[in-house]
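S.K.: This is the feature table in TrEMBL:
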type	residues	note
TRANSMEM	39-57	transmembrane segment
TRANSMEM	69-88	transmembrane segment
TRANSMEM	94-117	transmembrane segment
TRANSMEM	137-160	transmembrane segment
TRANSMEM	199-222	transmembrane segment
TRANSMEM	289-311	transmembrane segment
TRANSMEM	323-341	transmembrane segment
TRANSMEM	347-365	transmembrane segment
TRANSMEM	410-429	transmembrane segment
Amino acid sequence: MERNLKNVLVISFGFLLLFTAYGGLQNLQSSLHLQEGLGVASLSVLYAAFILSSMFLPPILIKKLGCKWTMAGSMCCYIVFSIGNFYANWYTLIPTPVILGLGGAPLWSAKCTYLTIAGNSYAEKAGKKGKDIINQYFGVFFLIFQSSGIWGNLISSLIFSQASNKVETSEENLACCGAYDCMSDTTNATGSAEPSHSLIYTLLGIYTASGVLAVLLIGVFLDQIKSDQAETEKEILETLSFWSTFLATFQHLKDKRQCLLIPLTMYSGFEQGFLSGDYTKMYVTCALGIHYIGYVMICFSAVNSLCSLLFGKISQFTGRKLLFALATVTNTACIIALLLWKPHPKQLAVFFVFPALWGLSDAIWQTQTNGLYGILFEKNKEAAFASYRLWESFGFVSAFGYSTKLQVYIKLYILLSVLVLSMVTYGAVEYLEAKNSPGIPTATKKENIGTFTQETHM
């Protein structure tokens with residue numbers, strides 16, 4: 001096997017193992033750790049730490065340790081978070097998410113740097129365009145990586161389904177589920193009793209082992225970047241340097257179009273935060289039980305992956321405006337329906353319809369917003385995508401930050417308001433683009449965004 005492709009597969013399966021654990025654990029936080037909103041508070045702290053990390057840690061660690069050992073070390077930060085869940089309290093589930101958040105940005109930056117260098121190296125030997133090989137490598141990576149959402153959630157549901165203490169949900173308890181919840185930490189017990197410690201420890205043990213395997217896979221089988229590629233690494237690190245990234249990110253705000261895209265970018269964090277933090281807790285766990293979270297989120301992950309591939313292909317024919325309109329209508333319909341719907345175990349199929357539709361919308365938000373950034377800011381991609389990570393992370397922090405303070409219906413109104421504002425400001429961006437570049441066919445504005453989709457996956 002060609003050595004560079006072997007390294008791409010090693011990285012891909014390493015991330016698959018790591019995010020099988022992290023993705024499943026993230027979706028369970030709001031339901032597993034209800035006391036005083038500990039679960040969602042940990043996620044809010046995590047994304048806040050990720051914002052700080054993305055500003056200064058990646059270039060320092062990559063320069064000191066190299067891409068391989070930066071990835072291995074950052075993966076250890078994810079394992080620390082899994083271990084912190086074994087004894088969940090404020091002294092474990094606040095510091096460990098900080099450690100994970102600090103490791104998140106270096107992990108993704110090192111991965112991108114490594115795949116970029118590997119792609120350029122092979123392209124030079126094969127006499128091909130570096131951009132084409134890099135995009136192929138990223139395509140292989142995301143094809144494998146995206147399935148982590150399925151495996152992580154499947155593991156959690158299969159394990160929690162073994163619980164012998166499931167109880168029948170009373171109509172009185174069901175009244176506390178949904179948009180007009182009772183703001184009670186006890187809603188976890190409506191669908192089923194809290195999973196036994198043995199089942200929780202079994203799940204956490206599997207997740208921790210999966211993370212350890214990821215570190216071993218990277219540490220043992222991933223090749224170091226060769227000395228003749230050091231110059232390329234230096235060039236990439238220069239674009240990642242703290243002050244250049246920090247200053248460029250905020251100087252980028254001078255661009256009116258970037259300011260107008262802030263609501264749309266933050267909405268991506270809001271909507272993902274609502275699904276993993278509030279829908280899983282106040283609809284799924286409340287009415288069905290915690291063992292259903294994994295199955296429901298598998299539905300979201302599967303639809304999201306398939307639609308990401310589909311919309312990435314058809315956007316060149318439909319244009320991004322039509323796809324954004326589809327996502328807006330779909331998300332709006334879901335929000336209104338969630339405001340009106342009273343979840344009940346007899347309506348089992350409905351619990352899967354919402355994440356499926358949410359996955360369709362999220363696929364559009366991710367592919368088209370990334371593509372929009374790539375098209376609008378083609379000459380300033382580094383600052384543009386640093387801004388993307390920044391504002392999306394602020395959306396996550398906000399969504400998880402107020403999660404325990406507000407009733408679900410208020411959060412849904414906030415989500416709807418941000419969505420409406422996003423579409424108004426996005427419309428203004430399209431108007432400015434049409435005004436500044438009249439007569440340019442849409443087909444000439446295609447953008448391959450394979451190397452810039454990493455910022456949506458913590």
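Just so you know, glycine gets a Cβ as well, placed from its N, Cα and C.
Those TrEMBL annotations? Automatic predictions, nothing curated.
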S.K.: Go through 137-160, 289-311, 323-341 and flag the stretch with the largest number of C-beta pairs under 8 Å relative to the transmembrane segment (347-365).
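M.R.: Going through each listed stretch, the top one turns out to be 289-311.
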S.K.: Counting only residues 6+ away from its ends, which parts of the chain sit with a Cβ under 8 Å from the transmembrane segment (137-160)?
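M.R.: 4-5, 8-9, 11-13, 15-25, 27-28, 111, 115, 118-119, 195, 199, 202-203, 206-207, 289-298, 300-302, 304-305, 308, 450-451, 453, 457.
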S.K.: Residues sitting near the transmembrane segment (94-117): Cβ under 8 Å, six or more positions beyond its termini, same chain?
M.R.: 7-8, 11, 15, 22, 41-43, 45-54, 57-59, 61-62, 67-68, 70-71, 73-78, 80-81, 83-85, 134, 137-138, 141, 225, 229, 232-233, 236-237, 240, 389, 451, 454-455, 457-458
S.K.: Quick test of the contact rule: Cβ under 8 Å, at least six residues beyond the ends. What residues does that give for the transmembrane segment (69-88)?
M.R.: 11, 14, 18, 21-22, 25, 32-33, 38, 46, 58, 61-62, 95-97, 99-100, 102-104, 106-107, 109-111, 114, 201, 204, 207-208, 211-212, 214-215, 218-219, 222
